[in-house]
Amino acid sequence: MFKGILVSLLASFLFGYMYYFSTLLKPLSGTDIFGYRMIFTFPFVLLSVTLFKQKAALIERLKRIQKRPHLALSYLLCGLLMGFQMWLFLWAPNNGSSLSVSFGYLLLPIVMVAAGRVFFKERISTFKFIAVIIATLGVISNIVLKGGLSWEAIVICLGYTAYFSIRKALKNTDLASFCLEMLSLMPVSIYFALQTDFATVQQTNPFIWGXLVLLGLISGTALIAYVIASNMLPMNLLGLLGYVETIMMLCVSFLIGEQIDSESYPLFICLVIAMILVMVDGVYKHTQKEVYKCHLKK
């Protein structure tokens, strides 16, 4: 398990660093960076399919699409939802929105807990229920003080919740399905990449090609590390360690000069408290499982 924790932390560190790394790719726009990230990351996704023995599952899904072409629409929809989130992740640090996106990632687990209860009738623990209430109070305070959440935070919460909910409802939660979602994004990614005027870009950033290849390497390595960790760790612990990435995103936001305005303090404090409660819940459940396993061995 210790190795799994280290691999998960590596994935979170790489994803968090990528948030900062996008600021080194100027003068490329968020759309340009997104296109090249998808192109350079896709080979790593294919490698992951081979490494984690998902080729049979991928072939089976392709055969299903061949027999029932309308199934391709589900992968296209999920691909678009996921792709927009990836674009926003790379766009935000260069456009003064990294804190808003970080707030969205802080709120996301709480929204997913609520969605799980409403749409999938999942049970909510006491800790998570309190976390949902506190996060809701934070959102209400932001609506009263600022008129609402930022559009970036709303897109993160609703977009990712819709993405994961659709995948769960259609039972398309494996790596093979993710590969097809990435494949659906290749045409638009290539189009975005071809629109880049590299002659102009290289005058400002002569090392841009090397930096883009490095972006793909960071993104691909992070993806593979996360998949490895997901196979080595319980889901509760994996989700708990995922908060490391969110914390790093907040640190990056402060590092590049963004500041929390006074009207956002109540929301920030409520989200941090909610995050801590979700983490406590994860630790508690994981500890209970370990104790139960020890009793079984006796």
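Note that Cβ sites are derived from N, Cα and C of the backbone, with glycine treated the same way.
Feature annotations, courtesy of Swiss-Prot:
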{"type": "DOMAIN", "residues": "13-144", "note": "domain 'EamA'"}
{"type": "TRANSMEM", "residues": "5-23", "note": "transmembrane segment"}
{"type": "TRANSMEM", "residues": "33-52", "note": "transmembrane segment"}
{"type": "TRANSMEM", "residues": "72-91", "note": "transmembrane segment"}
{"type": "TRANSMEM", "residues": "101-120", "note": "transmembrane segment"}
{"type": "TRANSMEM", "residues": "127-145", "note": "transmembrane segment"}
{"type": "TRANSMEM", "residues": "149-166", "note": "transmembrane segment"}
{"type": "TRANSMEM", "residues": "175-194", "note": "transmembrane segment"}
{"type": "TRANSMEM", "residues": "207-229", "note": "transmembrane segment"}
{"type": "TRANSMEM", "residues": "238-260", "note": "transmembrane segment"}
{"type": "TRANSMEM", "residues": "265-284", "note": "transmembrane segment"}
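For the transmembrane segment (101-120), the most Cβ-contacting stretch among 5-23, 127-145, 175-194, 265-284 is 265-284 (pairs under 8 Å). By the Cβ criterion (distance under 8 Å, sequence gap of 6 or more), the transmembrane segment (207-229) is counted as touching the transmembrane segment (5-23), at least 3 such pairs being found. Panel annotation: around the transmembrane segment (265-284), residues 103, 106-107, 109-110, 113, 125, 127-128, 130-132, 134-135, 137-139, 141-142, 145, 149, 236-237, 239-240, 243, 246 of the same chain, lying at least six beyond its termini, place a Cβ under 8 Å from a Cβ of the stretch. Sequence-distant contacts of the transmembrane segment (238-260), counting only residues of its own chain at least 6 positions beyond either end whose CB sits under 8 Å from a CB of the stretch, comprise 5, 8-9, 11-13, 15-17, 19-20, 23, 93, 96, 98-99, 101-102, 105-106, 109, 229-230, 268, 275, 278-279, 282-283, 286. Helix first, then strand, then coil: DSSP counts for the domain 'EamA' (13-144) stand at 116 helix, 0 strand, 16 coil. Per-residue pLDDT, averaged along the domain 'EamA' (13-144), amounts to 88 for this model.
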